[in-house]
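Worksheet: the structure to be examined is printed underneath.
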Amino acid sequence: MLPAEEITSSINGNDVLKLMASTDLKAAELSEAASEILSEQSRSPKSAVDETSSLLMIENGNMAKEKWKSDCVNIRSNGRTEQIKREHAEHRLSILSIVYNPTAHPTSYLDTLVNMLKGNVGCGILAMGDAFKNGGLFLSPVLTFIIGIICVYNQHVLVQCSKSVKQKLKLQHNPQFAETVELSFQTGPQRFQSYSVFFRNSVNSFIVITQLGFCCVYILFVSKSIQQMLSWYNIELDVHVSILISMVPIMISSLIRSLKFIARLSAIANVCMLVGLVVILYYCTIDLPPLSSRSAIAHWTTIPLYFGTSIFSFEGISLVLPLEQEMKKPKQFSTAFGVLNVGMVIVTSLIVLTGFMGYWRFGDSVRGSLTLNLPEEFLLSKVVISSMMFGIICTYTLQFYVPVEILWPKVEQRFGPFRSPLLWDTGLRVVLVLITFIAADVIPHLSLFISMMGAVASTFLALIFPPLCHMAVTSADDGGNGYGSFNWRLAMNCVTLVLGALGFVTGTYASVYEIFGAFQKVAVTGAVTNTTGNNYTAPGVH
């Protein structure tokens, strides 16, 4: 048996598997040897790449990852050296957490196109009527197409960065969103490398925030729909009570763990959503008022609210890499007439059509979801609202699956090992569902919640992280010469970052300001109601 000290002096990516095959070296000793590698302070960029490749080969060689986890957990911070060692170990553990899962059933061009449409058609598109009210009937389509072009560019950038780091590190798997961001910074210029773990954690954090934000929007949609349908039977229900009622089916659906069963529910949900959207668009064509009765360009103070809702409706960037990697012919995804371009043209057209028709038909009375504008006398109103409620509940289950998958390993690492993992998993799900319900109950304003979530979380995922990734990869590959003629890609990255930062600041401020205004209005109304009941007129209120 070879001692660990002799291994650490000459180990490299090509020799690891040979050592594992030719000796009876125990996993614990190999882990000890690799831990000594992590403690080295100075490495050249080439050695860092070789080391990452060797770690990936160890993972594919069935090395005990539990030992690596225990190494990370047991490291204690005793000065700067131990802190650096812990940070290096955390980064290597994130690399080891990547598992190659080849697609069992590759999808065709048409299948992938349908899946892309599924991932981008949801509550966001139903809120575009309210978004066009905040942007103007003629200004909003122009801005929406511009935002759509920028989003498509960033999705292409994300695909390109994923392929670049895969080729550079000679990976056997396709890195996903967070891994792509991390490896782009890790293999980029020296000034970027120290931020790799931070940006990986940031991407995962914003994905969790975005997905849970979607879930909050779905709760509000279901509760508002319950209110609307009961009002048709002369039953006036408080919004907080309707949110409490909606908790029952949503809580039950959130406990579903089988991804296969969730996929079947998602298929049913997509049919319900598609049928409902078609019927809503049909109703919007009835008794249209003159175009001149609508504001062509809204006041500049409401445009940030438009931006938040609009960027929220382009909610499918986290699906781009999985969709591309599941195709039979991945090259068909990002070509000129590939799935990405064709799919996003259709999605953007649907978003513009829904927003334009919704605002044109209902004007300033347009609600946070177009379903709320359907009247009782419309023959298909109850069918549409019921089917879309069911579709949204099923979609909640699918969106909820993502944050659970991200957070569960963290919980297991922090509090595990568990005697009853199922019990802890159920507890995590219940806690996350309660968090989404509390957030929805605190801000029971659907349109404002959508705008805030778009400005805060969706902006970072769609507009901030992809150009940063591209700048890190391009600078490392060829000294920045991959930006195209006249550095147009660099200019596009800078424009995207400025737009994202501006949208984040103004959109968040406008959303929070409007939310506080809505709460203040409710408080004043409640005070007037109470004082009127006591035959007293509040000062300054008439």
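Even glycines carry a Cβ here, placed using N, Cα and C.
Any TrEMBL annotation is an automated prediction that lacks curation.
What you are looking at is a predicted structure, and each value in this text was computed from that prediction instead of being measured.
Taken from TrEMBL, the feature domain 'Amino acid transporter transmembrane' covers 105-511. Summarising the annotation, TrEMBL assigns transmembrane segment to 138-159, 203-221, 241-258, 265-283, 303-323, 335-359, 379-402, 422-440, 446-469, 490-512.
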Same-chain residues near the transmembrane segment (303-323), Cβ under 8 Å, at least 6 residues beyond its ends: 107, 112, 115-116, 119-120, 122, 124-125, 127-128, 130-132, 134-135, 140, 143-144, 147-148, 151, 154-155, 158-159, 162, 174-177, 180, 207, 210, 214, 333, 339-340, 347-348, 351, 402, 447-448, 450-455, 458-459, 461-463, 466, 503, 506-511, 514
Criterion met for the transmembrane segment (335-359) and the transmembrane segment (265-283) (at least three Cβ pairs under 8 Å): yes
Sequence-remote partners of the transmembrane segment (138-159) [C-beta within less than 8 Å, at least six residues beyond its ends]: 131-132, 177, 180, 296-298, 306-307, 310-311, 314, 317, 320-321, 324, 333-334, 340-341, 344, 347-348, 351-352, 355-356, 359, 462-463, 466-467, 469-470, 492-493, 495-496, 499
Winner by Cβ pairs under 8 Å against the transmembrane segment (203-221), considering only 422-440, 446-469, 490-512: 446-469
Candidates 241-258, 265-283, 379-402; stretch with most C-beta pairs under 8 Å toward the transmembrane segment (422-440): 241-258
Beyond the flanks of the transmembrane segment (379-402) by at least 6 residues, Cβ under 8 Å: 122-123, 207-208, 211-212, 214-215, 218-219, 221-222, 225-226, 228-229, 232, 249-250, 253-254, 256, 259, 262-263, 265-266, 268-273, 275-276, 279-280, 283, 318, 371, 429, 432-433
